[in-house]
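In TrEMBL this protein carries:
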DOMAIN    5-341  domain 'Isopropylmalate dehydrogenase-like'
BINDING   R96, R106, R130, D220  substrate binding site
SITE      Y137  site 'Important for catalysis'
SITE      K187  site 'Important for catalysis'
BINDING   D220, D244, D248  Mg(2+) binding site
BINDING   G280, S281, A282, P283, D284, I285, A286, G287, T288, G289, A290, A291, D292  NAD(+) binding site
Amino acid sequence: MEQLRLAVIAGDGIGPEVTTEARKAIRAAVDGVEVVETEYALGAAHYLESGEILEDATIDALRSHDAILLGAVGGDPSDPRLAGGIIERGLLLKLRFAFDHHVNLRPTKLHPKVQSPLREPGDIDFVVVREGTEGPYVGNGGAIRVGTPHEVANETSVNTAFGVERVVRFAFDLAEQRSKRVTLVHKTNVLVHAGGLWRRTVDAVAAEHPDVAVDYLHIDAATIFLVDRPSRFDVIVTDNLFGDIITDLAGAVGGGIGMAASGNLDPSGAHPSMFEPVHGSAPDIAGTGAADPTAAILSAALLLEHTGQAEAAERIRAAVDADVDARGDARRTTSEVGDAIAERIRASKEHA
Ligand SMILES: NC(=O)C1=CN([C@@H]2O[C@H](COP(=O)(O)OP(=O)(O)OC[C@H]3O[C@@H](n4cnc5c(N)ncnc54)[C@H](O)[C@@H]3O)[C@@H](O)[C@H]2O)C=CC1
Ligand SMILES: CC(C)CC(=O)C(=O)O
Ligand SMILES: [Mg+2]
């Protein structure tokens, strides 16, 4: 039987809670495929016990998997040993860089029955293509005279022609399969060097896609349109930092951060891609059963689609839609939502 070799990094906070439910959905959805799951106990607890965040040997072991399912990372915010995002940078960003996850794909699709904070949400169905390996997240910076009134702190945004072009090309190819609209989001009026590169790259790639409509928004104005008129968007392409920020906003207007899925892709297939909810480890609700696992479950659907299991992915999406349709006012726990969705997936297979 065909195998799907999954690495699971449940991580911290609500990460293990939502990942458990995503795994149930995967197991229920596949057909004729043996899912081989290997757990990697990485995150804040592993670091505090071992002093290691992500050993080279672990990166090598992760390479042998078809895909990685990740919950969320980031431990107790009050623990000074975890300050400075040491786990987020040393684990999550390190994996994105090591596995060349240059496309951070973040779809938003508002289900008709899900409440959006918007008054007239219209048809919200767009995808953010966020660059995942460059920008200000690469750790290119430094500070002098730290802690003094004369401190100077720099955080350089790295944007390469190679890195920008490949993600812009991905966005246009995606738009060709969707509603043929690409919006570049940046801040070219002040970030002139990086902005100029992004703008010129989009113009050059746009010339090869005459049927794709292209527009541009400064990041600040983009936040207005995401709230005011999100139906104007189809594919948004942007850098690592702006993409991080607007995808939390997109999650909120798209039905809640607990429903926002993402994939960190190496489209070349040379490295395993990694799938995770957009949200973080949510320490404020960890252990309470209040976490919505839908984002993790929809991330599992992206994972299955990416690994050639399109039918299984569709089963998950249909089960999530049905679950959302049936949602009433009663509060359900994380595992109740996950069990209900897994049950719907199984039932859809039996009735197929
Ligand atoms: N991909 C990752 O692993 C990410 C990790 N982080 C880390 O997570 C920790 C917490 O970060 P925050 O800024 O608080 O962002 P967060 O996304 O963890 O939480 C923001 C708010 O959304 C709520 N929330 C998040 N996921 C939810 C879910 N599934 N269901 C219901 N409510 C949910 C939380 O309760 C909180 O009120 C930090 O250590 C941060 O660095 C943050 C973002 C992404
Ligand atoms: C460590 C952060 C870059 C994680 C995050 O907020 C994200 O990828 O959305
Ligand atoms: Mg984020």
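Here the Cβ of each residue, glycine as well, is placed from N, Cα and C on the backbone.
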- Task: Filter the binding-site residues R130, D244, D284 down to those with CB closer than 6 A to an atom of ligand 2; keep them in sequence order.
- Result: D244
- Scan R96, K187, D220, D244, A290 for recorded positions whose C-beta lands under 6 Å from an atom of ligand 3 and note them, or write none. D244
- In sequence order, which residues at least six apart in the same chain have a CB under 8 Å from the CB of A286 (NAD(+) binding site)? D12, G13, I14, E17
- Message: Which one is it: of the binding-site residues R96, R106, D244, T288, D292, which Cβ has the fewest other Cβ atoms within 10 Å in this structure?
- Response: T288
- Note on the structure: Among the binding-site residues listed as R130, G280, D292, within 10 angstroms of D244 (Mg(2+) binding site) by C-alpha we get R130
- Between R106 (substrate binding site) and D248 (Mg(2+) binding site), what is the CA-CA distance rounded to a whole number of Å? 10
- Message: Looking at the recorded positions listed here (R96, Y137, K187, D220, D248), whose Cα lies nearest to that of G280 (NAD(+) binding site)?
- Response: D248
- Neighbour tally for A282 (NAD(+) binding site), based on other Cβ positions within 10 Å of its Cβ: 22
- Cα proximity to D220 (substrate binding site), best match among recorded positions Y137, D284, T288: Y137
- Can you tell me the mean pLDDT for the domain 'Isopropylmalate dehydrogenase-like' (5-341)? 96
